[in-house]
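Pulled from TrEMBL:
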DOMAIN    B:6-60  domain 'HTH lacI-type'
DOMAIN    B:7-36  domain 'HTH cro/C1-type'
Protein chains: 2
Amino acid sequence: MKFEAVTIKDIARALGLSTSTVSRALRGSYEISADTKQLVLEYAEKMNYQPNPIAKSLKENRSWAIGVIVPEIANNFFSQTINGIDATAYKRGYHVVITQSHESVEREVANVHNLVARRVDGLLVSLSMQTSDIAHFKSLQERGLPIVFFDRISEDISTFKVKANNYKGAYLATRHLIETGCRRIAHLTTASCLSITRERLEGYKAALSDCHIDYHEDYVKYFNDQSDVEQVATDLISMPEKPDAIFSASDRLTTACIAAIQKAGLQVPDDIALVGFTNLHVAEFLNPALTAVTQPAYEMGQIATELLIKLIESKKPIDTFETRILDTTLVIRASSGKKSLPQLL
Amino acid sequence: MKFEAVTIKDIARALGLSTSTVSRALRGSYEISADTKQLVLEYAEKMNYQPNPIAKSLKENRSWAIGVIVPEIANNFFSQTINGIDATAYKRGYHVVITQSHESVEREVANVHNLVARRVDGLLVSLSMQTSDIAHFKSLQERGLPIVFFDRISEDISTFKVKANNYKGAYLATRHLIETGCRRIAHLTTASCLSITRERLEGYKAALSDCHIDYHEDYVKYFNDQSDVEQVATDLISMPEKPDAIFSASDRLTTACIAAIQKAGLQVPDDIALVGFTNLHVAEFLNPALTAVTQPAYEMGQIATELLIKLIESKKPIDTFETRILDTTLVIRASSGKKSLPQLL
DNA sequence: CTGAAAGCGCTAACAT
DNA sequence: ATGTTAGCGCTTTCAG
């Protein structure tokens, strides 16, 4: 079960040269004669020589690997970002080692250690729902490990960050619901410590405020990984002053809402309208066709990777960091169609 | 921007020992005194020593990496298999390098070369739609590289394979459609050279045959990556003897069908029933709620990885290979509800 | 223009 | 029980 590969030594021996000459010839060094170069290159080609990246890594003390930590691979949004990460990394000669936190801090910390032990050249991170303290990233960053955060970022650390315009997405969604006549808009959202949660909540509040609608805490529900979303959604739509719209922050929340609404026998959008953050291709074919806030997931992966590689390859320490904010889009579909209510705006 | 790690040499110097003693102490060799062991272990712990896996790989001439080639990461089924691959590989001390063929043979071949150049210890492969010739895998296998195929496998090579019971899934789906009264069942499916395409077609044919329904070529449509699915679906449901059911082999095909059906103003399942292979969590919330053939994607990834590691770690060459067939399940929903037609069965 | 030798971090055969 | 040494594949001084 051995897979024998041609080495520089093999070439040197076969051609009666030294390994250093072969090495130099292969990388086109100016100090090697044209004849020797050609000889080496042709032989290497013929023997299908492939430099051993492991030896190269050991020598250079870097792995040409990028470590990625995401909450979940089997999630539409993250698999799309990974797609972008992958494409960009390969183009630049890096490979990608993907790990999942499964929304647990412990696993996030374990992954960080594992990736560092594997000597990744840098880290691309989207935080878990449980992560409030990011000491495990800070200490590494201080020791010089390049880290870029994307999507679920932290304010507590200064580095490159890439995120979607969650504020705008939430604002557009909420404003749109208001404009179609909704007044009691509930917001089901992710764990309260996440950046995306805060940003979306602010967009939601701003839209309400701009339209002179009071903000009600009772209409905002936070969910962690364990929550029984459908139960909460059911309770919500059974309230005396039940909401006439739900703005939901993830696919898991949205589907639970749909289930609860269906079971309650309510009509969308007439009894209750629905808008969700989603990157699902099938949003259009859901029942009801889902009005969606979409994020440029692929691009986010691309940009985060480019920034990380910039950090990794920079000669001098970088100390001015930007946070890139990518545009979000509202796609209006049947789940939030016009109502026959008087318009305020 | 350097990330300095503690090495065995550092420990040896600090403790006034030789590197080999430290190395042996760290791996608990019996020839080291308890005192020395403890000394080394404690100091290593204190300094947070992490063995350099790159050096280990160079020494052992193996990377502890598993290469994965899938058509597409941002695809429900494959991201679920990757999840399973990942979990199993990490548990066994391997990391995973994922690449995508994007349904192109050229990219598949390029990925293989890339992964081999990176010295992966083995390969986990699901073939691209364009791949009919698998010479690029055979030659590597002959040179001793462990390869396991999953989902989209090939008959032309002898090794471990893991697949879903596509025959059964297709049989159940077709039979179910027949039992609810459908007689003209179309089958939209993937590229004709894929194993999954053949197996599903056979299951489909067998169900028709068992129920004494003639097989019509016109009702079977194959699609590659480029095809205009919606156009073909539209043509299909405009046929004079238009189908009264569609059995579709992928999400992309299913959504195109739904779109075509919606545009034509047909009712599901009364005018036309629909069953699709899908691993989408939201299948239940599609319009119509989609009757689905589901595959155990996570498990498939797990099992394929276990088999690959078995191959990699086997002392003696393995020459008897099994093909693991995982069960598929039919989940009946509204898209294939009972019709008011006379029952044949 | 080319070769010899050292070293990246680790392990193991070979001393002692 | 511990140290010395060589070597995995490659790059890179340093010497010719």
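Note that Cβ sites are derived from N, Cα and C of the backbone, with glycine treated the same way.
Counting same-chain residues at least six beyond the ends of the domain 'HTH cro/C1-type' (B:7-36), those with a Cβ under 8 angstroms from any Cβ of the stretch are 43-44, 47, 49, 51-52. Residue counts for the domain 'HTH lacI-type' (B:6-60) under DSSP (helix as H, G, I; strand as E, B; rest coil) come to 37 helix, 0 strand, 18 coil. On the 0 to 100 pLDDT scale, the domain 'HTH lacI-type' (B:6-60) averages 93 in this prediction.
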